[in-house]
Amino acid sequence: MSKHPANSSATDPVDNLQTLIRCPSVTPAEGGALSALAAMLEPLGFTVERMVAREEGTPDVENLYARLGTEGPHLMFAGHTDVVPVGNEADWTYPPFSAEIAGGELYGRGAVDMKGGIACFVAAIARHIESQGAPKGSISFLITGDEEGPSINGTTKLLEWAAAKGERWDACLVGEPTNPDQLGDMIKIGRRGSLSGEIIVKGVQGHAAYPHLADNPVRGMIKLAEALMHPAFDAGTENFQPSNLEVTTIDVGNAATNVIPARASAKFNIRFNDTWTAETLRTEIIARLDTASADPLLRPGRPPIAYELVWADRPSQVFLTRNNALISSLSAAIEKMTGKTPALSTTGGTSDARFIKDYCPVVEFGLVGQTMHMVDERVAVSDLEALTGIYGAFISSWFTHAGA
């Protein structure tokens with residue numbers, strides 16, 4: 001094992017997290033967070049590179065890639081330093097970027113989502129280097145500043161940039177908060193897919209007292225929305241809950257109570273399991289809308305509902321990770337440090353793991369997520385130490401299994 005001089009401050013997850021929280025990196029601003037992270041990693045022997053991603057019509061975003069080692073096996077840790085806005089700062093018990101500790105908890109925006117996970121993984125690898133030397137292989141940090149934003153200039157472009165330079169990975173751990181109640185509850189081994197769209201129905205505007213002279217698009221829109229939500233798309237699968245579609249908005253752009261609107265629109269999102277792909281779901285949704293729009297009882301004496309369907313860009317495909325070395329190493333580390341056997345889950349929303357899956361097997365494990373995005377976001381100091389221990393045990397176990 002090669003030796004690198006360890007930065008003693010990097011071995012303390014609390015110090016690491018306080019440093020990161022004090023950087024106001026509200027998406028897409030870097031806020032000093034990537035510079036602070038680089039200052040932790042470089043003394044450990046990491047080669048740190050900064051990459052600025054650009055796309056017309058979107059803000060430039062700074063990202064970071066750091067690697068220790070040149071040989072395989074290669075473990076990636078992925079995450080983000082950007083955070084959501086703080087809301088009304090006056091509602092916070094402590095200033096959101098002060099990283100105050102009170103009652104055994106560390107307060108600050110990003111404490112849970114997900115500067116805490118980064119702080120713990122840095123501490124874990126720093127302790128490993130200090131006690132055992134660098135792992136026999138390579139370890140890297142892939143950290144974006146565009147996860148809480150549109151995710152255009154973040155992980156996708158950073159992965160493409162790194163892969164174009166010849167980087168290849170054997171496995172990835174994403175440090176997102178995965179635990180519902182207690183540290184050790186849950187590992188995410190996959191994610192449902194996500195597909196969104198908008199339906200537009202055009203009618204004829206008129207006076208509410210003279211409906212025969214108008215054509216109310218809301219009547220048709222209600223039927224189309226019902227057709228999307230019922231019946232259920234499926235009953236779920238072995239590893240996934242049932243697919244679920246929600247109509248999230250219905251708008252007519254009309255504030256008057258005596259005017260029949262000329263246009264109605266509705267947006268929807270479906271979280272889908274491995275019964276479907278985005279392509280097969282599009283076909284199913286169009287079939288449901290066509291059937292509902294042609295119902296002769298809906299518009300007697302009038303033509304079928306004319307609707308327009310607009311799909312949102314970049315649907316997320318469903319995925320499931322089946323990699324024994326990765327999952328068993330992490331599960332064993334969690335059980336060793338907490339005494340809990342973690343559930344292997346695919347619940348919840350999407351994450352940047354959906355991009356990483358195309359490059360290597362990926363799982364997610366981090367802190368307890370109860371206060372993420374909330375006023376007074378906070379983490380138990382004891383959980384930071386425990387997560388650092390879990391990550392440390394995982395690093396040792398994974399390199400042992402992957403190098404065997």
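Any Cβ shown, glycine's included, is placed from N, Cα and C.
Using a 10 Å radius centred on the Cβ of His80 (Zn(2+) 1 binding site) and all shown protein chains, the other Cβ atoms total 31. Taken from Swiss-Prot, the feature Zn(2+) 1 binding site covers His80, Asp113, Glu176, and the record attributes it to sequence analysis.
Marked as active site by Swiss-Prot on the basis of sequence analysis: Asp82. With a 10 A radius on its CB, Asp82 (active site) counts 27 other CB atoms from all the protein chains.
In the three-state DSSP scheme, Glu148 (Zn(2+) 2 binding site) falls into the coil class. Look at Swiss-Prot and you will find Asp113, Glu148, His373 tagged as Zn(2+) 2 binding site, backed by sequence analysis.
The active site, proton acceptor annotation in Swiss-Prot covers Glu147. Taking the Cβ of Glu147 (active site, proton acceptor) as reference, residues of its chain lying under 8 Å away and at least six apart in sequence are, in sequence order, Thr27, Gly79, His80, Asp82, Gly154, Thr155, Ser351, Asp352.
The Cβ of Asp113 (Zn(2+) 1 binding site) lies under 8 Å from the Cβ of Val83, Val84, Glu176, Pro177, Gly369, Met372, His373, Glu377, each on the same chain and at least six residues away in sequence. Sequence-distant neighbours of Glu148 (Zn(2+) 2 binding site) (same chain, six or more apart, CB under 8 Å from its CB) are Thr27, His80, Asp82, Val83, Val84, listed in sequence order. Apart from His80, Asp113, Glu176, the residues listed for Zn(2+) 1, the same chain places the Cβ atoms of Gly79, Met114, Gly117, Glu147, Glu148, Val174, Gly175, Pro177, Ser351, Gly366, Met372 within 8 Å of the centroid of those Cβ atoms.
Within 8 Å of the Cβ centroid of the Zn(2+) 2 site, not counting the listed residues Asp113, Glu148, His373, the chain contributes Val83, Val84, Gly110, Met114, Met372. In the three-state DSSP scheme, His80 (Zn(2+) 1 binding site) falls into the strand class. Its own atom aside, the Cβ of Glu176 (Zn(2+) 1 binding site) has 25 Cβ atoms within 10 angstroms in the protein chains shown.
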